[in-house]
Amino acid sequence: MGATQSFQSVGDLTPAEKDLIRSTWDQLMTHRTGFVADVFIRIFHNDPTAQRKFPQMAGLSPAELRTSRQMHAHAIRVSALMTTYIDEMDTEVLPELLATLTRTHDKNHVGKKNYDLFGKVLMEAIKAELGVGFTKQVHDAWAKTFAIVQGVLITKHAS
């Protein structure tokens, strides 16, 4: 996978799928810190060892995490990055942005198992936030998008 390969050529997202990703992301970002905090709380619940990768949040309960300044700061950073990735879906820069993310995650020993869990809980959190708006089309668009991104991250991780 070349560094200049575009998101479209990597995954063949349709214009309708891209529109669904962008519109649902806009909905999710109306509660950005709460939504992203929920994703990480779900990760920590499913894999308590993951919480130790965040020393400033280690040992905090879910209730404490929801009000933690560190969690809010992390949620803002993650939501800003994800917004950038979504904004850059159609550009040649996305693989480079993901390569930077991979380098950061490599330093923290984040790998396929962690990406798999993130994808699982991301879908759970999107479904919980969107409720009846979480249609099969929304599910499929997010699943396809995450599979594409995960593929790039794992490929960059291995190289």
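Placed from the backbone N, Cα and C atoms, the Cβ positions cover glycine too.
Marked as N-acetylglycine by Swiss-Prot: Gly2. According to Swiss-Prot, the feature domain 'Globin' maps to 12-158, an assignment based on sequence analysis. Positions annotated as heme b binding site by Swiss-Prot: His74, His105.
Secondary structure at His105 (heme b binding site), as computed by DSSP, is helix.
For His105 (heme b binding site), the count of additional Cβ atoms within 10 Å of its Cβ stands at 17 [all protein chains shown]. In the three-state DSSP scheme, His74 (heme b binding site) is classed as helix. Counting only same-chain residues at least 6 apart in sequence, those with a Cβ under 8 Å from the Cβ of His74 (heme b binding site) are Val36, Phe40, Phe54, Met57.
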